[in-house]
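> My questions will all concern the structure given below.
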Amino acid sequence: MLARLAASRFNEIRQIFRQPSRAFSTALNYHLDTPDNNPKLPWEFTEANQAKVKEILSHYPSNYKQSATIPLLDLAQQQHGGWLPVSAMDAVAKIVEVPPIRVYEVATFYSMFNRAKVGKYHLLVCGTTPCMIRGSRGIEEALLKHLGVKRNEVTPDGLFSVGEMECMGCCVNAPMITVADYSNGSEGYTYNYFEDITPEKVVEIVEKLRKGEKPPHGTQNPRRIKSGPEGGNTTLLSEPKPPPCRDLDSC
């Protein structure tokens, strides 16, 4: 019997690797102007986020402002409901004092930057090998079927969209998803992990979000007590120390 189970599982995994390669971006790698996404539309950070911009820039030398490109794009995406219009990228380019193409290169390279509209709740299914072997394809299929959309499409009510993400570091509790909550802008933005997911459980999470509830994140397996090292942590027992002091502006 064990031999039959092993053979069946082997055939499932072999079929997975025969499937076409996955696409990670929510948009094409080139830009086409649309009425709601073109460089003529004004865009700027809110007053509250301008303070965050200054705080982000303070982490980098003043002559290397471009180092802040990724965190600034992330802040802009949070403010703009989960996606980056080209005018937001232009605003970031102006702040870090680089040609806009440098910011476009970053935004098109990293799949966590969405250049097309997403739902208020953007659900990302991990597609890396451990989660894939543990059934992430079935989880994505359950999500898409339940919501009645294709990958990277937004539900008619604007609440949900489904995308795919690479490894999120929770392989021990595979399969997993994250939920990026853009329903309250950058002030209320959250990005939570849901681990030990099943097709049935992921539908439950969607329905709780639809009702305005906050489903508990972390493991969804009630029998899992902990995933930490046996005997407890031996490192990172307190807040990590900052790097040795240095004058950033002298770099």
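Cβ atoms are placed via backbone N, Cα and C, with glycine included.
Curation does not apply to TrEMBL; its annotations are automatic.
Quick paste from TrEMBL:
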| type | residues | note |
| --- | --- | --- |
| BINDING | Cys126, Cys131, Cys167, Cys171 | [2Fe-2S] cluster binding site |
| REGION | 210-251 | region 'Disordered' |
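Map these features onto the structure and tell me what's around them.
Packing around Cys167 ([2Fe-2S] cluster binding site) is summarised by its Cβ count: 14 other Cβ atoms lie within 10 angstroms of its Cβ, all protein chains included.
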> Can you give me the residues near the recorded [2Fe-2S] cluster site, meaning same chain, not Cys126, Cys131, Cys167, Cys171 themselves, Cβ no more than 8 Å from the center of the site's Cβ atoms?
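The surrounding set, listed in chain order, is Gly127, Thr128, Thr129, Pro130, Met132, Ser136, Glu166, Met168, Gly169, Cys170, Ala174, Pro175, Met176.
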> Three states by DSSP: which one describes Cys171 ([2Fe-2S] cluster binding site)?
helix
> Tell me the Cβ contacts of Cys126 ([2Fe-2S] cluster binding site) under 8 Å, same chain only and six or more apart in sequence, or just say none.
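For Cys126 ([2Fe-2S] cluster binding site), the qualifying residues are Ser136, Glu164, Met165, Glu166, Cys167, Met168, Cys170, Ala174, Pro175, Met176, Ile177, Thr178.
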> Report the member of Cys131, Cys171 (the binding-site residues) whose C-beta atom has the most other C-beta atoms within 10 angstroms.
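Going through Cys131, Cys171 one by one, the largest Cβ count within 10 Å is at Cys131.
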